[in-house]
Structure formats: C-alpha cells, structure tokens
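Participant: In case it helps, Swiss-Prot gives these features for our protein:
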- Y21, N61, D88, G130, L131, H132, G133, V134, G135, I136, K360: ATP binding site (BINDING)
- 440-554: domain 'Toprim' (DOMAIN)
- E446, D519: Mg(2+) 1 binding site (BINDING)
- K471: site 'Interaction with DNA' (SITE)
- N474: site 'Interaction with DNA' (SITE)
- D519, D521: Mg(2+) 2 binding site (BINDING)
- H526: site 'Interaction with DNA' (SITE)
- R642: site 'Interaction with DNA' (SITE)
Amino acid sequence: MSDLFSFNNKEKKNKIIYTNYSAKDIEVLDGLEPVRKRPGMYIGGTDSNAMHHLVSEVLDNAMDEAVAGFASIIMIKMHQDHSITIFDNGRGIPIDNHPKFPNKSALEVILTTLHSGSKFSNNVYHTAGGLHGVGISVVNALSKHLKIEVYQQGKLYSQSYSKGEKLTDLISTEVSKRLRGTSINFTPDPEIFSETLHFNPKKIYEIARSKAYLYRGVSIEWECEVEVPSDIPKKALINFPNGLKDYLSSKISLDNLVIPEIFSGNIESTMDAIKLEWAICWQNNDTSAFMKSYCNTVPTPQGGTHEQGLKSAILRGLKAYSEMIGNKKSANLTIEDIFETASVVLSVFIVEPSFQGQTKEKLVSNGVSKLVENIIKDHFDHFLSSDKVLATHLLEHVIAISEFRRNKKNERNISRKNATQKLRLPGKLADCTRTSAEGTELFIVEGDSAGGSAKQARNRETQAVLPLWGKVLNVASSTLEKIINNQAIQDLEIALACGSLKNYKKENLRYEKIIIMTDADVDGAHIASLLMTFFFLRMPQLVKEGHLYLAKPPLYRLTQSNKIYYACDEEEKIKLTYKLSKTSKAKIEVGRFKGLGEMMPAQLKETTMHPEKRSLLKVTLEDVQNVDKIVDDLMGKKPEKRFQFIYEQALVKMDQIINKLDI
C-alpha cells in the first residue's frame, strides 16, 4: 500500500512541474448549506447515476493533479462495506490555515465550503475537470462517512466528516518523506440516496477506464473487494498507451469497418492553449454508432462547441476531397449523413471551460469550435490524401447515406391521407380507411398466403395488413447498403412513414399499434425475432413508446362434441386436452395448423385479430444495454456468441425440465 503513496521520478515519463502551492491559492466563494437540501441541483438527482457521479467528482480532482503534471498514479478501491477510496500521488491538498479563515485549515475550507478551491485561478491548474471546487465539498455533504488523508513533507494529516460536518480535528503523524498525495474514503448517505443503493463495481470500473483512456500518461490501479461480474477483474492496472484509439478499438468490431483505418490524432498547442485528442471510424451499419466527448476529462453527453468543431472539420474535409477528384454528388452532404455510421471519441483540455448547467453536460466555450475544426481539418486532409482508394470508398459510403436520406425525406413529405396527393405505399399493403392514426393497427405478415387470409379477416376501417416478400433481413449482421436496398425493409419503412434512427418522428407514425403476426411454429418465431431486431436497431423509439406487439395465433385446433378450442403451443395443448378429458369422455380431435395461410379468415379473426377475443404480447424496452447484448449475441455476425447463447439457454431449459420431473 505504501508504494502507491511513493513518488518516484523514474516511474513518471512526463515532466513534473513544481510550483508554490499553499493556502493562499484556495479561493472561497460561497457556503455549503443548500447541498443536502437540494442535491439534484449539484449532481443531477438522487438516483444511482447521481450517486456514481460522486465517484467521478473525486476522481476528476485526482485526474486534475495528473493532467497538471503533479501525479502519475491514481488508485481506486471498492471496499467490502461498499465505501470507495480514491488516491493520487500528487502534491496533497494544502493543510496550512487559510488567509480568509485563520482558524481553519485550507483542507477543511475545501471540504466544508461550496465554491472553494484552486481551480478558479490559472496559477495552479491550467485545465481542471472537477466541478470548480464544488465537487469535493458536495461529496462530503452527501456522504455518511468521509475520511481524508494527506501525505505531505513527511507527515500524514487526517480528518473525518459526516454529512458535511467535521467529526475530528486535523490530526498529524510522522511518516516517510517519500510519501505524498491525497486519499479520500467515503460512503454515500442512505438518507439521500436510499439504503438499497450501492456502488456498482462494473460502473466504477468503466469510469476508471474512461479516465485512463483520456490521459494516456496516467496509470490507475483498480481493486474491488466485493463480488464482481465475470467480465470485471478484481485487480487491474489500467493504462492505455494509445489513448482514445485504444478505447475506440475496444468498443467496435474491427472487421465491420467501412475503411480499415481509425482516423485519430493527439495534438497539444501551447499557443492556442489547447490539448486535443480524437478517434473516429466508420462502420458498415449504424447499429452501434456512438459519439462520446469530454472536456478536461469530464463527460459532455450533450456535446457542445468541441463536437461542433470536429463535425465541421470532417464535413469540410470530405467535401474538399470530393471537389478535388471531381465528384459532384457531395454537394448535398450534411453532418448527419457523415456521422450516421461513425463512432467518435473526442477529448479536449482547455483553460477556463464554460459549461451549460452545474453538472457540465454541454461545453459552451466560445472559440473552441474553430480551434478544434482547424486542427482536425488539417489532419483529416492529410489522412484522406495519404490513401485515395480508402478516401474514395469512404466518400461513396457517406454519399449513399445522403441519397437514401433525401429519398426518405421526399417520401415523408407526402401526407398519408392527402386527398390531392396519394402516398406511394407498398403495392401489397392493404391500408385501413381511417384517416387518423388513433385506434389503427398494422399487421405485418409473411407472404401472400397469410396476407390473403388476414386481409379478409381484418376490420377495414382500423386494420391494415402488410405481407412481406422474400426473406426478412437480419439487420444486426447486414451492411448499411444491404439494409437500404432490401425490399421488405423499404416497404415496411414506407408504410410506417415515421423514419428511422435519427430521422424518427413519432408524429408521422401512421398506426397506433404495429403487430407482428407470424406462424406459431419455430419458423414463425424466427421471423418474429428478425422483425423485432429490425425495430430495436432501426426504430428503438417506436418500441420504447409502446407501439410494437406480437400476435399469438394458435398452433393447434382441438375439437370435441362439435366445439372448437385453440391452443397456442404444445404446453397449452396438453393442459387443454387434460381439462377437456376431465369434463367429457367424448373424443378429442387435434389438428395442427401449418401456418396462418391455412386458417380460414373467420378462424384468424376470432383467434388472432379481433380486439376483444385475441391475445397480444406488448414488446417493451427497459434494460437497453442488456437487450443490446442479447441482440448482438444472438443476431450478430459472430457464430461463437450465438452458440454460447443457445447453449446457455438450453442448460436453463434442461434445468427447468429436470425440476419439473423432480429428478
């Protein structure tokens, strides 16, 4: 443990900058009283995300020491009691008395006073990530227990707090002069965050990894004493020599790239007072595209001026390259076209950043956009000119997206029930007559046979039927080009008229319920899985809003004494057969439907389509990350993941069977 607190110049490649750092550098702006009363104003709420935000705040302070060149090692430890310890081997928080508060140490002022810290002045930190002095005092106010230890000039200074109040005076003991840094151990207050909330090891580990990616010169030592998921180590040294390029490589499938190169760079400009790092790649489909940005190691999920600069640079670069090779199709390119399938990670370090809101989710600093744009544009021009084959391939990729977008826009501009101009709907669609979407339903069926029965069984005013031609495409393992050119997907998107992905507009959705109606057998379940995958990856908002349903057509028809009964699956058939045999000794005849097309329209209406007699399964989307993993495992490109998923589910099913048999 003591090694962590040691400072060794040989371990540190970056130059250490020694400056005078004392109590006079700590500025005081305000008090701490409002924090416990209104925590949401400072950390965005009192839920699990807000609680984990406390870890980010303490870690940001440690990262600031590293970014400023004063620390090379950071440690994060999650203890058995669910408390967290974060340590950095930096200079240590000043412990001498503060000029404005002669009876208080600077350490106590920082921990008990809102808006106190050294980050308001450029003399100590040129770039800072914590909440400008708010961070550690807010963590203290919202912690049941907090203990801070400072190693400085051969002494260990320690002090304990609870709910923002001091429990002990500053205590000092003699230690080795080699030890330096700050250690903070804290436990969130259950009165604020609920007793059932505990830190999630996976979440904290990912926070630590993201910080290590952002500053390649820092090593973060991770240790967890509580039980962790199989994909999270108990102990690890987190260090990424290639920074954001390493991060992006770990998040994408390298065999699914439009061009086999990641466009990345790492630039520091003393003249412009900016440090900039980025990594961008383009994938063959947009199902896993993402954009993450940071300013001074703080996540900016709502983007801001740094993202605007990057986007403008890439747009300008591609248009300039297109003009150079004489391709006129780039004239209509937009930022949305270029970043439709792009995954991006961006990090900037600047002096005195300006953010929107207390929790810093959007960067609004003036001048940053142009700086970022100019730097990245120069490097992107060189990237494109260095390999014209790859550059042309990338250009053709984004132009195809642009043309598809413009075609979809033209289709969306056509009103669904406009009396003077009819929508160019798919030829196989049997639309309903009601002009508004309220109370209407679209049944998606496979093939003309099932479509014919469904069209005869429907309520023409409120129910539409769309038979899909050919094989339904698995969008999880298909390129964007295949998705765009697939006839079944084109028909479906045109019929719904709501657009997909970033172009989704719920007000344009033409039906209130979208009902997947497939055969009740294994083949039907496979088709339903493909369609659900399509909706999850292309129209997740539609699923979240509760528009997607699965029909439950019968697989079996049971007849006894001229009475007809229906069963959806084998288990229901067995139960129904047993029940009928108990009530009557009459013979039971069992028939199995080969598909929806074999059913008479009256039967289909009675069992599957009549709103008062049918059963529907509503498809919901709650744990998005888990669903995303399942879709990737089961429907993605890698067969080994699919095999493992099926194998694990088979084991679960076998256990259920064994339990039922009581073996």
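Heads up, the Cβ atoms here are built off N, Cα and C, so glycines get one too.
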Participant: What is the nearest of the recorded positions K360, D519, D521, R642 to N474 (site 'Interaction with DNA'), using the Cα of each?
Facilitator: R642
Participant: Ranking the binding-site residues D88, E446, D519, D521 by other Cβ atoms within 10 Å, which is at the bottom?
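Facilitator: Counting other Cβ atoms within 10 Å of each of the binding-site residues D88, E446, D519, D521 gives the minimum at D521.
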Participant: When you measure from the Cβ of H526 (site 'Interaction with DNA'), which residues in the chain that are at least 6 apart have a Cβ under 8 Å away?
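Facilitator: Counting only residues 6 or more apart in sequence, H526 (site 'Interaction with DNA') has no Cβ neighbour under 8 Å.
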Participant: With K360 (ATP binding site) as the reference Cα, tell me which of the recorded positions E446, K471, D519, D521, R642 is the closest one.
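Facilitator: When the Cα distances are compared, R642 comes out closest.
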Participant: Using C-alpha positions only, work out which of the recorded positions D519, D521, R642 is nearest to G135 (ATP binding site).
Facilitator: R642
Participant: Within 10 Å of K471 (site 'Interaction with DNA') by C-alpha distance: pick out those among the binding-site residues D88, E446, D519, D521, and say none if nothing qualifies.
Facilitator: E446
Participant: Counting distance between Cα atoms, which of the binding-site residues D88, E446, D519, D521 is nearest R642 (site 'Interaction with DNA')?
Facilitator: D521
Participant: Using a 10 Å cut-off, grab the number of neighbouring Cβ atoms around the Cβ of R642 (site 'Interaction with DNA'), all chains included.
Facilitator: 16
Participant: Counting Cβ neighbours within 10 Å across all chains shown, tell me which of the recorded positions K360, K471 comes out on top.
Facilitator: K360
Participant: Across all chains shown, how many C-beta atoms besides its own are within 10 angstroms of the C-beta of G135 (ATP binding site)?
Facilitator: 26
Participant: So how many other Cβ atoms are close to N474 (site 'Interaction with DNA'), meaning within 10 Å of its Cβ?
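Facilitator: Result for N474 (site 'Interaction with DNA'): 18 neighbouring Cβ atoms inside 10 Å.
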Participant: Could you round the CA separation between D519 (Mg(2+) 1 binding site) and D88 (ATP binding site) to a whole angstrom and send it over?
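Facilitator: For D519 (Mg(2+) 1 binding site) versus D88 (ATP binding site), the Cα atoms are 61 Å apart.
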Participant: What are the DSSP helix/strand/coil residue counts across the domain 'Toprim' (440-554)?
Facilitator: 58 helix, 20 strand, 37 coil
Participant: Taking only the residues in the domain 'Toprim' (440-554), give me the average pLDDT of this model.
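Facilitator: For the domain 'Toprim' (440-554), the model's average pLDDT rounds to 89.
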Participant: What's the CA-CA gap between E446 (Mg(2+) 1 binding site) and D521 (Mg(2+) 2 binding site) in angstrom, rounded?
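Facilitator: About 13 Å separates the two Cα atoms.
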Participant: Under a three-state reading of DSSP, tell me whether R642 (site 'Interaction with DNA') is helix, strand or coil.
Facilitator: helix
